[in-house]
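First the structure, in the form of structure tokens, and then the observations on it.
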Amino acid sequence: SVRLTGTKYGCGGGGCGACTVMVSRHQPATKTITHYSVNACLLPLCQLHGAAVTTVEGIGSTKTRIHPVQERIAKAHGSQCGFCTPGMVMSMYALLRNQPQPTMEDITQALAGNLCRCTGYRPIVDGCRTFCQVQTECCQVKGGGACCLNGEQTAGEPEPEKPRLFDKEDFLPLDPTQELIFPPELMAANPKTLTFHGERVSWVSPASLEELIQLKTSNPKAPLVVGNTNIGQFITVCLWVGAGCSLTEVRSLLEKLVPQFPAEETELFRALSRQLGLLGSQQIRNVASLGGNIMSANPNSDLNPVLAAGNCRVSVVSDGPRQLPLDQDFFVSFGKTLLKPEEILVSVFIPFSRKGEFVGAFRQAPRKESSFSTVTTGMRVLFSEGSRLVQDVSIYFGGMGPTTVSATRTCAHLVSLRSWDDETLSRAYDVLLDELVLPPSAPGGKVEFRRSLTLSFLFKFNLEVLQYTSMLPLPPPLLLLLLLLLLQHVSKDQSDQDPVGRPIMHRSALSQATGEAVYCDDMPPADGELFLALVTSSRAHAKITGLDVREALRLPGVVDVITAKDIPGQRVRKMFDYEEELLTDSEVSCIGQMLCAVVADTRAHAKRGAAAVKVGYEDLPDPVFTFEEAIEKSSFYEPRRRIERGNVTEAFETVDQVHEGEFRMGGQEHFYMETQSMLVVPVGEETEFNAYVSTQWPTLIQDAIAETLSIPSNRVTCHVKRVGGAFGGKVMKTSILACITAVAVWKTNRAVRCVLERGEDMLITGARHPVLGQYKVGFMNDGRIVAADIQYYANAGNTVDESTLVAEKILLHIDNAYNIPNLRGRAAACRTNLPSNTAFRGFGVPQSIVVVENMLNDVAAVLRRPADQIREINMYRGPSVTHYKFEFSPENLLRCWEECKVKSDYAARRRAADRFNRHNRWKKRGMSVIPIKYGVAFSDGFLNQAGALVHIYKDGSVLVAHGGTEMGQGLHTKMQQVASRELHIPPSKIYISETSTNTVPNTCPSAASFGTDANGMAVKNACETLHQRLEPIRQKNPEGSWENWVRFDQKKLNYLRLGPDLYMDWDKMEGRPYAYFTYGVSCCEVELDCLTGDYRTVRTDLVMDVGRSVNPSVDIGQIEGAFMQGLGLYTLEELKFSPSGLLYTRGPSQYKIPAVCDVPLAFNVYLLPDSHNPHAIYSSKGIGEPVLFLGSSVFFAIKDAAAAARSECGSVGPFPLDSPATPERACLACASPFTQKIPAGKPGSFQPWALNI
């Protein structure tokens, strides 16, 4: 009702941080105000009695005064699509309320729980770090190969000042005295019992512990939701902590106690503090309680193993108090403890450590921060004073069963042998391996990895004990230092008023940072508006035997159920020679296929109605999920493509060596921050509809709705204000969702809104295509590749979508940067019973080239030569021709390659990495240099056209409309710059409102990195024409102003620009499918922990040929964001499907995209100077997609590090490492003695927990 829509709903599970707000409370005991960030989606309103809640709108506005946090994130170019920005702002704001001059560690911790899919985080951190008083520098990330961390020093001239994209001297100062005060009326609030009644749930907030005990006794099954109470005390021999203490408070308390006592007494405190720093995000720790963490009895708990190993106890009350030890018996089963239903945990006893006692805590998680652990452990050993004779050992693990488990036999073994030495530990590994056994089909999978981690953690604990007892210095931590270099300069002759080529801030950045930017779901409800929830299939391959909606229709608020029979027009969407049903009523072909939709008066009622629909199924035999199953049954979509140059078969007879291999690459969820969102409103006459949709292709939405409702397209107007991220995922499936929503509007004659939950979105909308590449390569002993034959299989899913086009683009890029004289490629899109996969940034190129690069890596491994040498030997040189007979010059590609090697100081750092590897057994550094040649534009010429409509009003203001949609890539900002240059007026006079089909018709999708090229030329040509029309008026009044010239001669022009005539003839295997190529090279260095598979990207250097950048800040943002998305694709993000075809990973708690902790410690971006491109606007180049593949440089650096680890065991030559190179795969690839102890499950003897897709 107050229309504060700045706080965004991104996931509903506290995993993305988009909904971050600040909560403030008065603490009567200390008479202080505490401020802390929280996830609004997880915090019940009933829990906020007496608290002040500050949202992004409360700290600043463009209409009044923006806050320095909002200004700095915006002006540092830290907001692209902007959906995550309010959450980022509030996380940083809450930090500054507590620490006005934070450290970099404070900032990275504060932002650890906030995800961004667009920026790559560098500009966000760059803006926030301006609040730091001291900024850290380290030679490690400056280059030169030598590093202080390795005991080396660099010498030479001081580095010149690095160019910046913003001037921090222009920022508003932070004045803590001007912040909002805590409402005085809340200070006088006295504790009292509060009761709230909902439709199905009652909430009671008791005022005292006694009242809580009475309530729990009378309602033993009622869950206890702990508030943020503050109870805790300690005496000199022990520490009692209130169960209601937040995890943040517990950590703060422990950190205060550690320096007050001797180190030997605070072993447990330090171990707990380390684990607490990695448990969840700051927002989670601020509200999650210690008692709640214990009572949840999560088998993967980070704290419970440490508490149990440390001999902690809990105090509980009901009829009377009692104490229970936190041991294996306390955790009864999954999610259940020893407590009786009526008992309440009130406090936790944490003992001080004794002399000779050592406590260790370790965890391994899919992502370093804000991630559930795969395996976690707490270990404690007590030695006799002054010796290494073992008196007591306690070892607990999480992630090794349904509960926290104790390695009792291993502990007894260690105590029985008394001495703590290598021989004792060697035996202990075997005992531990026998004691903790996981079946091959254990829930969660990763069985070999999890078992090896138990051994690795015990080994790491031993190393820690040896370090402490031997007083060895601990290695210093890696420091976060983000750098940026920009090497393009605006000509001195260019007018100061001309914004082209300058780092102009995203035109909506300030509105996005203040929460004023309007997204689809922020639009106010229309009169009588309904909400739509979908009913989806729970079977992968079955006939529908019944669809019973009666119970759903009886529920309160439910208005109607939409089925296929309600569709008045076309019930299918046609793609090539295939059809996709909007709603199926006969047979389902994947889990997540849409069956019907429930419309109700609220979101909650619609969801309850959808859950009440009963569907009957009859399973069909032999579903197809994997590549192997599709190949066996020839389950493919046609056409299957093939391309060849030279004579591959004959060439294989002439080479020195032949190698065969294969490479698997998993899919990738789009994870746009704004889920699929739409609002369709009936105008009320002549079957006219307005559709407000978050989409990349408004014209497709218009056409699809018109065909579905059987009305002319001129009755449907599609409006797109902005899109909260898309990456290819808001085209095909969005049109189907919009059609279903429109049918609901048609049937009810009321406005209908549809906004998918994150889990629904991930289940329904598909992802990037998983790919299997099989290759045979022939090469000479000097490294020259003479012939290659590559077969690609893409898992398309249950409908064709754009999969055959993806397969075509895969084949068009199989040469990448290399001139292979005899080259054959084949590609097939597999028809399977998984949700249909779709377009994703790169459109098949990231899958295509990574197979080629892995093939080159194998050649290098066979020849025992550095991979960069093999790449360099085989690169295109001089006037060149692709395998589809397209002539081009690779000059800029070679310039990027050489520039990257120089800027990264590759040779010196390669030697330093080799030296590091010789001196470190369990940590290895790896490096890679990877190029890309990426074709820009649509291969179908008609998709490259664009339109623009430019209005000049009486007051001199200009309104520009064009066919592209703004989804964070800065398209509107660049169009504003183009119009400013051509009309010779400042950008402030130019406005772009939205993209709509009633201003610019028949548009093409904003995709293929061609948005600026196409729409920029349309805007340019329209503005040029208008400017020429004003020339007679200017000549009559040369001293006049722009406003004088246009006052009496208003102009408008709608201009359609036809794009380049591109084509591909697959029968002749030749064509000109691209307007030009964008080139780039990435050099990456990683440090890999061979025992756990964890890695850190030490440094990344990117050199990109972007032509002449229209807006360097926007282009660099696209480069960094694409690189981080590629880093996620190749090293982190993993889609998991059950054996029945159900997607397990349906949200940020299961599916991990890169976070702040994954940003390279040094991240240098260089724009290639003196580059020109006659085929695009102002000699620029498309940059949105090409860089994503360069994230694979992290993958190949990890593989290089793993090869160094394998060489220590005598294993050399090619080895398999599929993508993504998760910690599990990286660890197993290292082939450490611990992983080799684990027996592998025999394939076929068990059903794996997840499919190998």
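Each residue's number is its place along the chain shown, starting with 1.
A Cβ is built for glycine as well, from the same backbone N, Cα and C atoms used for every other residue.
Because the structure is a prediction, the values reported are computed rather than measured.
Quick look at what TrEMBL annotates:
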type	residues	note
DOMAIN	1-59	domain '2Fe-2S ferredoxin-type'
BINDING	Cys11, Cys16, Cys19, Cys41	[2Fe-2S] cluster 1 binding site
BINDING	Cys81, Cys84, Cys116, Cys118	[2Fe-2S] cluster 2 binding site
DOMAIN	194-355	domain 'FAD-binding PCMH-type'
BINDING	224-231, 289-293, Asp302, Leu345, Arg363	FAD binding site
BINDING	Gln696, Phe727, Arg841, Ala1008	Mo-molybdopterin binding site
BINDING	Phe843	substrate binding site
ACT_SITE	Glu1185	active site, proton acceptor
Env. residues of Mo-molybdopterin site, Cβ within 8 Å of mean position of Gln696, Phe727, Arg841, Ala1008 Cβ: Ala726, Gly728, Gly729, Ala839, Phe840, Phe843, Ser1006, Ala1007, Gly1184, Glu1185
Position of peak Cβ density within 10 Å, selected from the binding-site residues Cys84, Leu345: Cys84
Inter-residue C-alpha distance, Leu224 (FAD binding site) and Phe727 (Mo-molybdopterin binding site) (nearest angstrom): 41
For Cys84 ([2Fe-2S] cluster 2 binding site), the one of Gly291, Asn293, Leu345, Phe727, Phe843 that lies nearest, given that the binding-site residues are compared by Cα: Phe727
Secondary structure tally of the domain '2Fe-2S ferredoxin-type' (1-59) (DSSP, helix then strand then coil): 8 helix, 19 strand, 32 coil
Other same-chain residues whose Cβ falls within 8 Å of the Cβ centroid of Cys81, Cys84, Cys116, Cys118, the recorded [2Fe-2S] cluster 2 site, in sequence order: Ser79, Gln80, Gly82, Phe83, Thr85, Arg117, Thr119, Met673, Gly724, Gly725, Gly968, Gly1121
Euclidean distance between Cα atoms of Gln696 (Mo-molybdopterin binding site) and Cys11 ([2Fe-2S] cluster 1 binding site), Å: 21
Spatial separation of Cys118 ([2Fe-2S] cluster 2 binding site) from Cys41 ([2Fe-2S] cluster 1 binding site) - C-alpha basis, Å: 22
Output field, [2Fe-2S] cluster 1 shell: CB within 8 Å of site CB centroid, site Cys11, Cys16, Cys19, Cys41 dropped: Lys8, Tyr9, Gly10, Gly12, Gly13, Gly14, Gly15, Gly17, Ala18, Asn39, Ala40, Gly87, Arg758, Pro1148
Greatest inter-residue Cα distance in Å for the Mo-molybdopterin-binding set Gln696, Phe727, Arg841, Ala1008: 12
Spatial separation of Cys116 ([2Fe-2S] cluster 2 binding site) from Cys19 ([2Fe-2S] cluster 1 binding site) - C-alpha basis, Å: 13
Averaged pLDDT score, the domain 'FAD-binding PCMH-type' (194-355): 88
Alpha-carbon spacing, the residue listed as 'substrate binding site' to the residue listed as 'active site, proton acceptor', which is rounded to whole Å: 9
Shortest C-alpha distance to Leu345 (FAD binding site) - which of the recorded positions Cys16, Cys118, Gln696, Ala1008, Glu1185: Cys16
Distance [Cα-Cα, Å, rounded] between Gln696 (Mo-molybdopterin binding site) and Glu1185 (active site, proton acceptor): 15
Among Phe727, Phe843, the most crowded of the binding-site residues [Cβ within 10 Å]: Phe727
Which of Cys19, Cys41, Cys81, Cys116, Cys118, the listed binding-site residues, has fewest other Cβ atoms within 10 Å: Cys41
From Val226, Ser289, Phe727: binding-site residues whose CA lies within 10 A of Cys116 ([2Fe-2S] cluster 2 binding site): none
Most crowded position, judged by CB atoms within 10 A, among Cys11, Cys16, Leu224, Val226, Ala1008 as binding-site residues: Cys16
